[in-house]
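The active site, proton donor annotation in TrEMBL covers B:Lys205. Among the features that TrEMBL reports, NADP(+) binding site is placed at B:Leu9, B:Gly10, B:Ile11, B:Gly12, B:Thr13, B:Val14, B:Gly15, B:Ser16. Taken from TrEMBL, the feature NADPH binding site applies to B:Lys105. Marked as L-homoserine binding site by TrEMBL: B:Glu190. Feature annotation from TrEMBL assigns domain 'ACT' to B:355-431.
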There are 2 protein chains.
Amino acid sequence: MKSIKVGLLGIGTVGSGTFNVLKRNQQEIAARAGRAIEITMVADLDTERAKKLTNGEVAVVNDANLVVNNPDIDIVIELIGGYGIAKDLVLKAIANGKHVVTANKALIATHGNEIFKAAQEKGVIVAFEAAVAGGIPIIKALREGLTANSIQWIAGIINGTTNFILSEMRDKGLDFDVVLKEAQRLGYAEADPTFDIEGVDAAHKLTIMASIAFGIPVQFSKAHVEGITKLQATDIRYAEQLGYRIKLLGITKRTAGGIELRVHPTLIPSARLIANVEGAMNAVLVRGDAVGDTLYYGKGAGAEPTASAVIADLVDITRLATADPEHRVPHLAFQPNAMADTPILPMAEITTSYYLRMHVADQPGVLADVTRILADSSISIDAMLQKEPAAGETRTDIIMLTHQTQEKNVEAAIAKIEALATVVGTVTKIRLEELG
Amino acid sequence: MKSIKVGLLGIGTVGSGTFNVLKRNQQEIAARAGRAIEITMVADLDTERAKKLTNGEVAVVNDANLVVNNPDIDIVIELIGGYGIAKDLVLKAIANGKHVVTANKALIATHGNEIFKAAQEKGVIVAFEAAVAGGIPIIKALREGLTANSIQWIAGIINGTTNFILSEMRDKGLDFDVVLKEAQRLGYAEADPTFDIEGVDAAHKLTIMASIAFGIPVQFSKAHVEGITKLQATDIRYAEQLGYRIKLLGITKRTAGGIELRVHPTLIPSARLIANVEGAMNAVLVRGDAVGDTLYYGKGAGAEPTASAVIADLVDITRLATADPEHRVPHLAFQPNAMADTPILPMAEITTSYYLRMHVADQPGVLADVTRILADSSISIDAMLQKEPAAGETRTDIIMLTHQTQEKNVEAAIAKIEALATVVGTVTKIRLEELG
């Protein structure tokens, strides 16, 4: 049986992980795939390092074009990252009739529509399981496993760095800055952690999942992206007292008016399985109309977990490539001519519950004023926590959990509450999802 | 585009669920699959009921042969259950060149090898996602999503009835018999619950997963099958005090000497995600050498969750059927000519940790005698709990958690402990897995 020849663009952490797993498990993988799959060519600017990592067993070049133009290569793995060179090379590989595997969530979330169109026209496959939640086969689950369902919503912990930080903040009662430094020391956060802690990475992944779930084009620019940098240890503590944990969730939901697409810190009931996903682990909870809730849990990053997804894509391609192109799994789950133009809702239009914390003067009438404002806005209160002022303090915290309401509604009420003379500073607002 | 015509054998709970979901989501499913998929013929002994359930929209017959012999039918769904008629009909459908989808775990676990061989020879696909863990796409995850991995072990809560009973026993401190009646009243347990509570159903599912994970033929007869009927509320309570929960787990593990394949009540640390899977829910934890631990959670039974898996198989077949047969996903994950004959270990040869409870006279030297026996058998003690005798009692319970050891080793030690004059009755032994 003819072996499948793979070219690798970029041999960093995931690239060398892929090379190593393919080699270590080559017999088992071939026994499943029915043919050998081998990396025969690697392009990397650091050719010396690339040669060392591949034990001199493969051709190493510093010009990626030599890989994408090589007629012997069947599949190109793109592990360069970013939107620039990576995009050019992916498009060149497609133009040359090669299938592509990529772990590049930024590329797919921003240029996926163009890339899939090119692939469709050329009759090749672009696979990207590794772009979302690392080794968890969530793309496959959404696109194939749950294909019978009308997906209603997805809520995912899809960034390990922020989940590690939030777990540590809760566990040890530490502030964000302190834990971030610790996470950097341990290698759970990068030297420049912006993409992770500001929610951009999670929003890339969420954007991809939303497209597959709802049959819409990728639209990263319309995602609401909010990270954890402003989250205070005190809110994690109050949430816990009320029976909730705070997670950075990517949430996408189908509603009558459109699709919600948002990444932000979220209170979820402590009893939910997903609330107990701690450390750098990822988990995605999916609600389908037929299957109900299913959850997928595992490592969302790292050399070999990501390699696991990259290699699964390689094997899938060897299979699907022999299928009639019209019978293949569509890139974004729905046939290109059956995609919907359902709008993405602006944040003002989304509906959820809220955690509100306000610092107030400890004097009669404050609570009456606040609850009157909420009632006038038709916002019902689900739970409340009022603390005794600390010794020598004349102010105290009031925490309220609301029932579901529209974001613009709660924003208007907050503006009124903040205008009260008895309320000090701003109201802290964190969204809350029951996921039940 | 030509629609796919499906014949349904048996329209009970899952059958009508499948009919309903296919109809309700027909547009979305067609938009994914690229063609309509419709049930055009139903065979059921109760034709009147079948006509009612399908609103008179499809041909209803009482002879299943009319479906499997119908040249217009592309795929046959077998939802009859059992090994007798179901097996004959599946083999006839295969002989007639039809693809088959089945939710019949008993059939696959006991006659899978013969069925897959027939399908292989005829070039058709037999799909069985619905046979394991209902709507959770675990077969797909194991067979395709984790294809890069050497699977090390699987531990699953794969029977909802027993998980519901165990959750209730723990939650309410009730005895098995009481909760079983409650479960029957609520519809979580059948009138004859033997297959569920004795572990047979879980062992069927585990047998199938073990084959896919390790590339061995299905060998249900070699599985160790132990249910929850003898489990006492007192052990659930003691386990909790030691930081563990008791679940009915299906465990299959690759070891140097062979493959462990066993279903039994198991202590697992309360902090593990899978320990927090409560009620009738299912979850499967898989360890792969590259990906690490991944977990898959959802409803393991019910009309529409199971229908979700059945329909996913229908769509998969429409795709894979157009692929070169040698490039399809093999029925048991590995190519038929690459299957291994790795032996299944007898229980005496398995290695795990143990919870041991003994009822002893409250007098000096008992503990010394017991610990001496364990030490002589090279069994290390990991934790111990000794209760004060109850008022007026002269006997007390000692609970020990051991480190890993071989089953035959612990059995021999138990025999010696039971022979001590100071030990009353038998020693309760429950296996313990850290899953860490």
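Backbone N, Cα and C define each Cβ position, glycine as well.
Shown here: features listed in TrEMBL, placed on the structure.
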{"residue": "B:Gly10", "record": "NADP(+) binding site", "contacts (Cβ under 8 Å, 6+ apart)": "B:Ala43, B:Asp44, B:Glu78, B:Leu79, B:Ile80, B:Gly81"}
{"residue": "B:Ile11", "record": "NADP(+) binding site", "contacts (Cβ under 8 Å, 6+ apart)": "B:Phe19, B:Val42, B:Asp44, B:Arg49, B:Ala50, B:Leu53, B:Thr54, B:Leu79"}
{"residue": "B:Gly12", "record": "NADP(+) binding site", "contacts (Cβ under 8 Å, 6+ apart)": "B:Leu79"}
{"residue": "B:Thr13", "record": "NADP(+) binding site", "contacts (Cβ under 8 Å, 6+ apart)": "B:Gly302, B:Ala303"}
{"residue": "B:Val14", "record": "NADP(+) binding site", "contacts (Cβ under 8 Å, 6+ apart)": "B:Leu79, B:Ala103, B:Ala130, B:Ala303, B:Thr306, B:Ala307, B:Val310"}
{"residue": "B:Gly15", "record": "NADP(+) binding site", "contacts (Cβ under 8 Å, 6+ apart)": "B:Leu8, B:Val42, B:Asp44, B:Leu53, B:Ile77, B:Leu79"}
{"residue": "B:Ser16", "record": "NADP(+) binding site", "contacts (Cβ under 8 Å, 6+ apart)": "B:Leu53, B:Ala303"}
{"residue": "B:Lys105", "record": "NADPH binding site", "contacts (Cβ under 8 Å, 6+ apart)": "B:Phe128, B:Ala131, B:Val132, B:Asp201, B:His204, B:Lys205, B:Ile208"}
{"residue": "B:Glu190", "record": "L-homoserine binding site", "contacts (Cβ under 8 Å, 6+ apart)": "B:Thr161, B:Gln184, B:Asp196"}
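Other residues of the chain with a Cβ within 8 Å of the Cβ centroid of B:Leu9, B:Gly10, B:Ile11, B:Gly12, B:Thr13, B:Val14, B:Gly15, B:Ser16, the NADP(+) site, are B:Leu8, B:Gly17, B:Thr18, B:Asp44, B:Leu79. B:Leu9 (NADP(+) binding site) falls within a strand when secondary structure is assigned with DSSP. Taking the Cβ of B:Leu9 (NADP(+) binding site) as reference, residues of its chain lying under 8 Å away and at least six apart in sequence are, in sequence order, B:Ala43, B:Asp44, B:Ala64, B:Val67, B:Val68, B:Val76, B:Ile77, B:Glu78, B:Leu79, B:Ile80, B:Ala86, B:Leu89.
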